[in-house]
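K.L.:
Per TrEMBL, the feature signal peptide maps to 1-19. Residues or ranges marked as domain 'Cytochrome c' in TrEMBL: 37-216. According to TrEMBL, the feature heme c binding site maps to 50, 53, 54. Among the features that TrEMBL reports, transmembrane segment is placed at 226-244.
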Ligand code: HEC
């Protein structure tokens, strides 16, 4: 019996998966698959800004359109560049070998990126480019040092500068001053303004990562709904099973 209880306890301990971030602080974002407007905005940003280089080979436009509540014709007219059809996967034409020569590393497929790195990592990564003239594209990244990707969203965010050393960067988090309620610390600040304010940019990236999170697990809502139904079934079934057990055991002493 004791072993049984220990086994139950172990099952109940939640298993926390933690990605290796090299010790850098990650900003939190919690995806919301029920927020269709956010997912739609995210898809628009993804198609416009990311699919020049990155594919999402395991996602079909049509499935995304259905799940996000966008009519197929609108997707075909506004979100598909080139001659792909709405029933096809979100592929790109850039050859891998050329891309590797241009960027050092080829841009990976992003369908499952949030499953690989976690939403927090992607959310922080896309907001953590900073000016570094030593790098080929003039930018570096706090969570992905010496990254081969240019800062594609610089026009929106502006150009950030980093005023920390490498060691400081690992531990330098933004915190809220309890007295004034203002943000303190942080290594990065915008030196040349982009077209969006900081909040607007963060929201754009939230929507984008929300969409990427949807791509990584498009059946999340469905599985949650089924999960609830199964739990309700088990709860009701318990009473029948218990009554049956009583019936079977009533003559055994
Ligand atoms: C001009 C081409 C280009 C565009 C456009 C681009 N990227 Fe990238 N991206 C790259 C390259 C190249 C890499 C690989 C960098 C490396 O490994 O050093 C990369 C890497 C990444 C990674 C890290 C992958 C990993 O886990 O190793 C993420 C996440 C990412 N890109 C997201 C995006 C998103 C989101 C967009 C759209 C807002 C975008 N990228 C637009 C070229 C691009």
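We count from 1, first residue shown onward.
Glycine is treated like the rest: Cβ placed from N, Cα and C.
All TrEMBL annotations are machine predictions without curation.
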K.L.:
Counting only residues 6+ apart in the same chain, whose Cβ is under 8 Å from the Cβ of residue 50 (heme c binding site)?
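P.N.:
Those within reach of residue 50 (heme c binding site), by Cβ under 8 Å and sequence separation of 6 or more, are 110, 152, 208.
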K.L.:
On the 0 to 100 pLDDT scale, where does the domain 'Cytochrome c' (37-216) sit on average?
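P.N.:
Taking every residue of the domain 'Cytochrome c' (37-216) together, the mean pLDDT is 92.
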K.L.:
Who are the long-range neighbours of the transmembrane segment (226-244) in its own chain, taking Cβ under 8 Å and residues 6 or more past its ends?
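P.N.:
For the transmembrane segment (226-244), there are no nonlocal Cβ contacts.
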K.L.:
In terms of DSSP three-state secondary structure, what is the assignment for residue 50 (heme c binding site)?
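P.N.:
Helix, per DSSP.
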K.L.:
For the binding-site residues 53, 54, which one has its C-beta crowded by the most other C-beta atoms within 10 angstroms?
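P.N.:
Max Cβ neighbours within 10 Å, all protein chains included: 54.
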